[in-house]
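Among the features that Swiss-Prot reports, domain 'Toprim' is placed at 205-304. Among the features that Swiss-Prot reports, Mg(2+) 1 binding site is placed at 211, 273. Residues or ranges marked as Mg(2+) 2 binding site in Swiss-Prot (evidence: similarity to another entry): 273, 275.
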């Protein structure tokens with residue numbers, strides 16, 4: 001006579017739950033082993049993930065940004081719960097990004113190989129400037145003629161109208177940077193990094209580099225058309241490291257992308273902001289461009305204890321003649337910093 005066996009039991013007398021406990025424990029050990037290996041591999045990439053639980057997005061200090069004393073945690077790290085891999089990205093301009101598998105294979109590290117988007121005025125829905133934006137620039141001593149020549153436009157983002165600084169290269173729109181009236185910035189994603197006003201320096205051997213688009217426009221009001229602006233602002237401090245190779249110099253990719261224009265210049269006047277970051281930017285530019293052909297602008301005094309910050313501030317307060325004088329009085333860049 002055959003014996004009835006309960007559904008929850010196997011014929012050897014062990015329940016299915018009992019049978020699978022050792023297998024589950026073994027699986028946990030495998031995952032733990034993978035996580036330990038992954039932590040070590042991440043450490044080799046300069047990422048300390050010891051306090052980052054799997055399955056949760058953790059914020060860390062980016063190993064590439066050099067945030068100094070600010071301690072900004074700009075790197076987001078995600079470790080997959082099964083320990084198979086981890087991915088990370090930095091929201092600051094260094095652009096560090098990567099995926100690491102537990103076997104140690106680095107799928108990607110820097111944001112290279114991205115396909116550049118092709119954009120047009122129509123595709124990104126730019127519009128002619130309204131009176132409010134024109135009045136904004138008029139208050140900063142920037143004329144409508146200068147705005148028109150530089151093809152400054154506007155865009156509607158949600159319920160807000162923002163300024164659109166269009167970036168052109170040989171007549172082609174390659175990027176666009178937006179500025180709200182409350183001074184918030186955003187750029188079109190996955191577009192080519194170039195200097196603002198690039199086509200204005202194609203046929204000249206002497207160029208001026210400023211820190212922001214309004215400063216480039218201000219230079220034009222003072223009679224200087226051979227001026228470009230950096231697209232990304234300034235670093236907090238000068239890097240203590242050697243200049244990276246072209247493929248790794250992501251923060252200054254616009255310099256490499258514009259090298260065909262810049263290499264023809266015999267005299268480069270650096271007119272960045274007079275504050276700490278502005279002077280750090282001046283040094284980083286001079287390091288890459290060659291200090292022997294660079295000149296540095298010192299902004300005139302605003303008061304006994306304070307200097308003007310930038311070109312647009314000089315234009316607004318003192319007019320085009322003093323701005324022109326400041327540029328003409330630029331001094332040779334110190335070969336030793």
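Each position is counted from 1, following the chain as shown.
Backbone N, Cα and C atoms are what each Cβ position is placed from, and that goes for glycine too.
Mean pLDDT of the predicted structure over the domain 'Toprim' (205-304): 95.
Under DSSP, the residues of the domain 'Toprim' (205-304) split into helix, strand and coil as follows: 38 helix, 17 strand, 45 coil. Between the binding-site residues 273, 275, 273 has the most other Cβ atoms inside 10 Å of its own Cβ, all protein chains included.
The CA atom of residue 275 (Mg(2+) 2 binding site) is located 11 Å away from the CA atom of residue 211 (Mg(2+) 1 binding site).
Note: residue 211 (Mg(2+) 1 binding site) has non-local neighbours 229, 230, 233, 234, 271, 272, 273, 278, 281, 310, i.e. same-chain residues 6+ apart with C-beta under 8 A of its own C-beta.
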